[in-house]
Amino acid sequence: MKTFVICSGGLDSVSLAHKVAVEKTLAGLISFDYGQRHKKELDFARACAQRLDVRHMIIDIRAVGEGLAGSALTDEIDVPNGHYAEDTMRITVVPNRNAIMLAIAFGVAAAQNADAVATAVHGGDHFIYPDCRPGFIEAFQAMQAQALDGYAKIALYAPYVNLSKANIVSDGVRHRTPFEATWSCYKGGKHHCGRCGTCVERREAFDLAGVTDPTTYEDAAFWREAVARKAG
């Protein structure tokens, strides 16, 4: 199955790219520049494409991103520290981000005679991000079936949608994902901050999976405090 992977350069999407490269036919990686503060993630997506020897498209939607104001990922708003499950992390929502990216990726896949588009949304995202939930995935697939009716049949492949990030780490190990060559931090500094929601979730996932985390964090201990606070 000829499949394009939406790849941010993060742990989840890079692991998915390696999975697709082994289990299907990887047609290429599609990344998006939407004005995100952690734009350095795109360098990791580019490196992934080079490593897997496939085409990499970086699609510039910064003009769209300018209209999606109010998120800590795009505006000069402090990225909150803490676990993803905390309500404070809602400030990191970019409205309709996945729907916009998927719609573009489906268009590319149809034009390139591909069979599927893969996205790395996962169970850990459900609390904060509505466009990462199973209902959204099912509805988007149904919408695209109508949008491309008579032109192309493109499947939406979301193998992690009901899995945890720890499950993704385990899957990444099976498919030899080089975790050190992935970027998760929303703050986009020299190293992972270790304090934002995605850093905390990343560190916790390695711990739960029983896999050594190769990541350098500016604050390597904070995640335990954040996880304990979440637990109660």
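Residue 1 is the first one shown; counting continues down the chain.
Glycine is no exception: its Cβ is also placed from the backbone N, Cα and C atoms.
The ATP binding site feature in Swiss-Prot is assigned to CYS7, SER8, GLY9, GLY10, LEU11, ASP12, SER13, VAL14, SER15, LEU16, ALA17; the stated evidence is sequence analysis. DSSP gives SER15 (ATP binding site) a helix state. Packing around SER15 (ATP binding site) is summarised by its Cβ count: 28 other Cβ atoms lie within 10 angstroms of its Cβ, all protein chains included.
When Cβ atoms from all protein chains are considered, those within 10 Å of CYS196 (Zn(2+) binding site) total 26, not counting its own. Per Swiss-Prot, the feature Zn(2+) binding site maps to CYS185, CYS193, CYS196, CYS199; the stated evidence is sequence analysis.
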Residue among binding-site residues CYS7, GLY9, LEU11, SER15, ALA17 with Cα closest to the Cα of CYS196 (Zn(2+) binding site): LEU11
Chain-internal residues, separated by at least six, CB under 8 A from SER13 (ATP binding site): VAL5, ILE6, CYS7, ALA45, THR119, ALA120
Other CB atoms, at most 10 A from the CB of LEU11 (ATP binding site): 26
Around the Cβ of ALA17 (ATP binding site), the count of other Cβ atoms that are within 10 Å: 28
